[in-house]
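A.B. asks: Dropping a structure here in structure tokens format, bear with me for questions.
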4 protein chains.
Amino acid sequence: MFILVNLKAYPCDPIEVATAAKDVAEESGVRIAVSPQAADVRRVAETGVETWAQHVDPNDYGSHTGSTLAEAVADAGAEGTLVNHSEKRMKLADIDGSVRAAERAGLETCVCANNPAQIGAVAALGPDSVAVEPPELIGGDVSVSTADPDIVEDAVAAAANVDEDVDVFCGAGISSGDDVAAAGDLGATGILLASGVAKADDPRAALEDLVAPL
Amino acid sequence: MFILVNLKAYPCDPIEVATAAKDVAEESGVRIAVSPQAADVRRVAETGVETWAQHVDPNDYGSHTGSTLAEAVADAGAEGTLVNHSEKRMKLADIDGSVRAAERAGLETCVCANNPAQIGAVAALGPDSVAVEPPELIGGDVSVSTADPDIVEDAVAAAANVDEDVDVFCGAGISSGDDVAAAGDLGATGILLASGVAKADDPRAALEDLVAPL
Amino acid sequence: MFILVNLKAYPCDPIEVATAAKDVAEESGVRIAVSPQAADVRRVAETGVETWAQHVDPNDYGSHTGSTLAEAVADAGAEGTLVNHSEKRMKLADIDGSVRAAERAGLETCVCANNPAQIGAVAALGPDSVAVEPPELIGGDVSVSTADPDIVEDAVAAAANVDEDVDVFCGAGISSGDDVAAAGDLGATGILLASGVAKADDPRAALEDLVAPL
Amino acid sequence: MFILVNLKAYPCDPIEVATAAKDVAEESGVRIAVSPQAADVRRVAETGVETWAQHVDPNDYGSHTGSTLAEAVADAGAEGTLVNHSEKRMKLADIDGSVRAAERAGLETCVCANNPAQIGAVAALGPDSVAVEPPELIGGDVSVSTADPDIVEDAVAAAANVDEDVDVFCGAGISSGDDVAAAGDLGATGILLASGVAKADDPRAALEDLVAPL
């Protein structure tokens with residue numbers, strides 16, 4: 001199970017969360033990564049934690065102002081990137097371009113989508129993984145362990161129908177170790193979460209709770 | 001073989017093209033449709049030709065200004081719609097929404113994409129058909145019958161891998177009857193073309209040439 | 001005072017509203033226009049009512065699929081167009097392009113914006129009029145006659161600072177004749193409204209109420 | 001005269017350019033800043049050179065993935081930011097939001113636009129400065145000192161008509177010290193340039209040439 005902590009644009013201390021994530025990963029043996037804003041990738045990566053970008057643009061080197069070049073975040077220490085997060089929806093052709101840009105820069109990719117049909121669609125673009133973010137679970141109090149289990153299972157089936165090598169992550173509805181275990185039981189091999197750790201009073205304790213059942 | 005004539009925003013007479021298309025379709029037995037701007041759907045449909053919208057928005061009835069509601073173009077006489085044309089690229093979530101909106105309104109759907117990977121992606125959204133628009137063929141003088149045949153064959157294979165019920169159209173590189181025949185040989189069951197008919201001095205003759213080998 | 005009824009994508013009968021608007025305009029002497037979706041411009045214009053598009057794209061004739069060409073809606077009978085409605089926000093360069101496109105096609109223009117600063121900005125692009133749509137009034141139950149009057153007065157001042165020839169319309173918070181009168185007292189020379197007429201059980205009665213104080 | 005070197009997504013060494021800019025600024029007394037990608041803001045700022053972001057998003061702290069928060073680049077050491085660069089065109093409402101976000105974070109702002117009308121528009125949003133990027137000068141070999149001088153003078157007049165406190169920069173057509181001097185003669189108080197320095201074999205020599213006539 002892979003745990004990716006998205007720091008979004010929260011007013012948290014990225015270094016505090018990164019250090020906690022690195023320590024809990026080492027102590028538990030669970031793979032944990034932290035995804036800060038582009039401006040913080042380098043200092044988060046310097047803590048030694050696995051670091052992911054929140055987005056990369058589809059462009060190559062060149063005349064592009066205000067873009068996030070895949071090579072730039074890779075050079076800063078990122079090892080992977082989210083693409084098409086529900087808060088950064090992209091055109092299909094640009095999702096394809098960003099996956100290609102990330103591959104070119106050696107970044108692992110996780111492409112987000114809303115429902116099983118879109119999960120099948122993004123799986124066809126050949127990313128390393130996809131994350132299903134059911135709208136009914138995003139930002140709410142409903143956890144994936146209590147919601148309709150079809151949501152994740154159908155996403156896993158949709159991805160497998162297109163490409164069996166694409167991992168499926170659960171991109172919403174996770175706030176406890178029980179949720180992580182439930183996502184795993186439904187076929188997810190990773191989870192995305194954000195406020196449950198990034199806005200926790202004690203990020204380290206929140207991470208320890210998440211990995212406890214693993 | 002299905003021939004869809006996209007009138008784009010060309011300064012042509014939509015009624016002249018529509019009448020020619022209707023006549024040639026009746027004489028030849030080949031299915032031919034015309035796709036005008038939204039403002040012209042009703043008068044084109046009133047000629048009796050099969051009429052397609054160039055785009056529908058993902059929204060339902062409601063507070064949406066400047067949108068093209070699927071029900072509005074269906075009510076005006078459209079029987080189908082293009083989605084995600086290379087000149088109207090959409091976010092993945094909106095392509096999904098527009099296909100759902102078109103289904104809701106009883107419109108047939110053809111979703112466009114750039115390359116085989118994206119063709120697989122849009123096929124996963126369950127449209128009636130997809131159209132591959134290889135960038136090297138769009139708007140140029142290269143025809144699909146002389147270009148690398150892998151372009152269309154790979155698109156057909158990518159769609160079939162995801163959903164065998166999705167037809168694949170050739171969305172660029174068609175300007176003659178030979179091109180239509182070549183597209184058919186490569187597995188396409190329809191073609192999209194635009195200036196070759198819409199900007200022709202004699203649209204009827206251009207259409208007759210296209211259907212001659214069929 | 002100019003009254004523009006935006007039909008949005010409402011499930012109303014455009015012809016019923018258009019006919020009512022035409023009749024009330026003739027009886028009262030108040031200028032009233034109706035703004036349907038692009039697909040309905042022609043049949044609405046054929047009722048004889050003043051007809052506006054809800055949006056035009058910044059492009060000229062050419063290879064543009066799914067666009068709303070200014071010339072196409074003008075040819076269908078539109079006499080004006082909204083630009084940058086709060087439900088169709090545009091890039092600044094495209095607002096400029098759409099105003100230029102509308103001018104080219106002989107369409108009157110009304111560019112919408114959120115607040116006095118943005119009203120000043122769009123006034124600088126030289127449209128015929130601008131409409132202020134304060135977010136706190138959009139779609140709500142608060143009317144401009146009871147809200148903070150600074151909202152409209154500041155917009156009028158911002159437009160006048162940039163270009164004294166640009167009219168200012170009140171783009172939200174209008175549902176009664178009192179609201180129309182209040183908007184006029186604040187310096188607005190026109191109003192935009194939508195559901196108050198388009199979704200009324202009796203659009204004619206709703207319009208008669210609106211023009212009563214004028 | 002203020003010289004802002006935009007590093008875009010060029011494959012240059014940001015630290016080499018930053019160090020050269022810092023040294024030339026100190027030696028010449030001319031204000032020079034460097035604008036790297038978000039991922040490089042911190043290490044560029046650590047050289048001591050004045051550092052600008054290439055873009056900030058209109059959002060505040062919160063659930064925003066893949067955004068560039070104004071506070072994040074300010075915390076990394078940025079003192080200013082470009083907004084609405086021709087390679088990062090924004091919706092009008094978002095330009096307003098980004099200027100407000102930059103102000104909130106204490107960043108100086110320079111909003112770019114295409115022509116005098118749009119320069120007037122962005123000046124109305126109250127930025128510290130605006131930059132005119134005439135399309136005929138962008139990325140080409142035509143310099144502002146040989147092009148039609150009306151381009152810059154009209155932009156200066158358009159901004160002054162709206163707000164006399166807004167500085168006007170020349171955002172294209174600069175590659176030599178003569179161009180800098182010509183821009184100043186036309187009323188510009190700053191210049192934006194990119195490849196002339198960032199892709200130069202010797203960035204320091206390029207900067208020394210630019211400041212020589214000042």
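Heads up, residue numbers simply count up from 1 along the chain you see.
Cβ atoms are placed via backbone N, Cα and C, with glycine included.
Per TrEMBL, the features are:
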type: BINDING; residues: B:Asn6, B:Leu7, B:Lys8, B:Ile138, B:Gly173, B:Ala194, B:Ser195; note: substrate binding site
type: ACT_SITE; residues: B:His85; note: active site, electrophile
type: ACT_SITE; residues: B:Glu133; note: active site, proton acceptor
A.B. asks: Looking only at C-alpha atoms, tell me how far B:Leu7 (substrate binding site) is from the residue listed as 'active site, electrophile', rounded to the nearest Å.
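C.D. replies: Counting only the Cα atoms, the answer is 13 Å.
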A.B. asks: Given the recorded positions B:Glu133, B:Ile138, B:Gly173, B:Ala194, B:Ser195, tell me which ones have a C-alpha lying within 10 Å of the C-alpha of the residue listed as 'active site, electrophile'.
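C.D. replies: Final answer, ordered: B:Glu133.
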A.B. asks: Cα-Cα separation of B:Ala194 (substrate binding site) and the residue listed as 'active site, proton acceptor', in Å?
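C.D. replies: So the alpha carbons of B:Ala194 (substrate binding site) and the residue listed as 'active site, proton acceptor' sit roughly 12 Å from each other.
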A.B. asks: At a CB cut-off of under 8 A, do any of the recorded positions B:Asn6, B:Leu7, B:Lys8, B:His85, B:Ala194 come close to chain C? List them or say none.
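C.D. replies: Checking chain C against the recorded positions, the residues within range (Cβ-Cβ under 8 Å) are B:Asn6, B:Lys8, B:His85, B:Ala194.
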A.B. asks: In Å, how long is the longest CA to CA span across B:Asn6, B:Leu7, B:Lys8, B:Ile138, B:Gly173, B:Ala194, B:Ser195, which the record gives as the substrate binders?
C.D. replies: 16
A.B. asks: Of these binding-site residues, B:Asn6, B:Ser195, which scores lowest on Cβ atoms within 10 Å?
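C.D. replies: Result for the binding-site residues B:Asn6, B:Ser195: minimum number of other Cβ atoms within 10 Å at B:Ser195.
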A.B. asks: Which of the three DSSP states, helix, strand or coil, fits B:Asn6 (substrate binding site)?
C.D. replies: strand
A.B. asks: List only the single closest residue to B:Glu133 (active site, proton acceptor), chosen from the binding-site residues B:Asn6, B:Lys8, B:Gly173, B:Ser195 by CA-CA distance.
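C.D. replies: Closest candidate to B:Glu133 (active site, proton acceptor), judged by Cα separation, is B:Gly173.
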A.B. asks: Are there any residues in the same chain, six or more apart in sequence, whose C-beta is under 8 angstroms from the C-beta of B:Lys8 (substrate binding site), and if so which?
C.D. replies: B:Gln54, B:Glu87, B:Ala194, B:Ser195, B:Ala198
A.B. asks: Identify, in sequence order, the residues in the chain of B:Ile138 (substrate binding site) that are 6 or more apart from it along the sequence and have a CB within less than 8 Å of its CB; answer 'none' if there are none.
C.D. replies: B:Ser86, B:Ala172
